[in-house]
């Protein structure tokens, strides 16, 4: 409440907070305007421009361009005389040429136009900023708008200026979904842009002068619009009913490379709502849409259960022709596919090695507290299919979902129930995952029971050193060394490790008296086993005794 005798419209706390906020804003604006960056060198560049639209002819126009070897910004000063152009087209053409010449650019120019009663001064400034984007490739965003006594002025920053990047904020719109958006590359271009549209007293009230004061200090990638181009949206809308999002993305990206697949998918999803969305509430929308497709689908009349939301239908042309012919069915569901937490169940029937969709069911039991609510709802759906449409299979395939298993056992008790092979393997793998480590492998114990096991065999997998098979944990059997996870005996603090090298072949010494005998070189083929002693063979040299000389000629 306001205190008695207060002259303000707000309380003291709110008044002080607003006062401090305004002070901080004025201080921030003052610092930005007084920002001085010294050491800037200028050079004059002359461009030969041909006047158009009945102008006075050819002339040289002089611009001020900051040298490339200086990166500091010049002081913002619009008091310098601007370059006068004949019209907007001439100014934009010259601006385009200036941006091609130098890395650091300072531009100041204006032109005069007649007053248009249908266009305000602010709208004229906005149109000039758009023309500037098209001419230079750089787009600028609004910093502030100022209403002048003689017109309007807007200050801009480059959209890709790193120092002027705005902080991202989540959307405050109710029900908004936060998604990753395609970001824009940023650069240190230190940009400033002032555009004004004013009435010059000396020119009279029938004319307006549009002035551009621009400063930009870095070449960078031109601005590209991340929104979906109108022509791309038209392509998506044209083939919306007959093309999937993935095929549509390939087609659009071939013509518009800057468009992302996420943009195409989002546009396709939004546009396709016209084909199937009939109401903001999902279940009501489903019922209204199915009522329009009476020739293809038939809505089932399922008894209402407390706290259960359920809509089911059958494919009339398919289930009618397959009545009494389906021997095998498959039951499956999708979860978390919409914002209402509806589960979509489907029953597929097999006929002639081909699967056919027979029936669908949208189900939500989030608000029900009754025990076995999901099985009861699915059972009501299955009973109608069995009794009204003659669906009595001999085999039922499901995953490990207990609701689907319970429903199929109640509705078709005589059918053989088969779980999905992939889900079976996955369940077994998860169940046995904690039991994969085995007890330590003891070679002597294993070979005592199974003699055919080789000594070099090592089992695969990990071993648990604390698990000792056949004994009390922590107790080592007599005569058996304890083995750790690497299949080696555990370290004993009272033992000494000895490394014994592998046994080497023992060389038989040659009698010394034979070294005085003559030596003869012979090939290995002359050596006769059993007659010449082995110790006399040293490579390909033979030491022959007197009683062996008769074997050598």
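These residue numbers are counts, starting from 1, taken along the chain as shown.
Keep in mind that glycine also has a Cβ here, set from the backbone N, Cα and C atoms.
Please treat TrEMBL annotations as automatic predictions, because they have not gone through curation.
What TrEMBL says about this protein:
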type	residues	note
REGION	1-45	region 'Disordered'
COMPBIAS	16-28	compositional bias 'Basic residues'
DOMAIN	330-423	domain 'MULE transposase'
REGION	460-495	region 'Disordered'
COMPBIAS	484-495	compositional bias 'Polar residues'
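Mean pLDDT, taken over the domain 'MULE transposase' (330-423), works out to 90 on the 0 to 100 scale. Counting same-chain residues at least six beyond the ends of the compositional bias 'Basic residues' (16-28), those with a Cβ under 8 angstroms from any Cβ of the stretch are 10. Broken down by DSSP into helix, strand and coil, the domain 'MULE transposase' (330-423) contains 30 helix, 33 strand, 31 coil. Under DSSP, the residues of the compositional bias 'Basic residues' (16-28) split into helix, strand and coil as follows: 13 helix, 0 strand, 0 coil.
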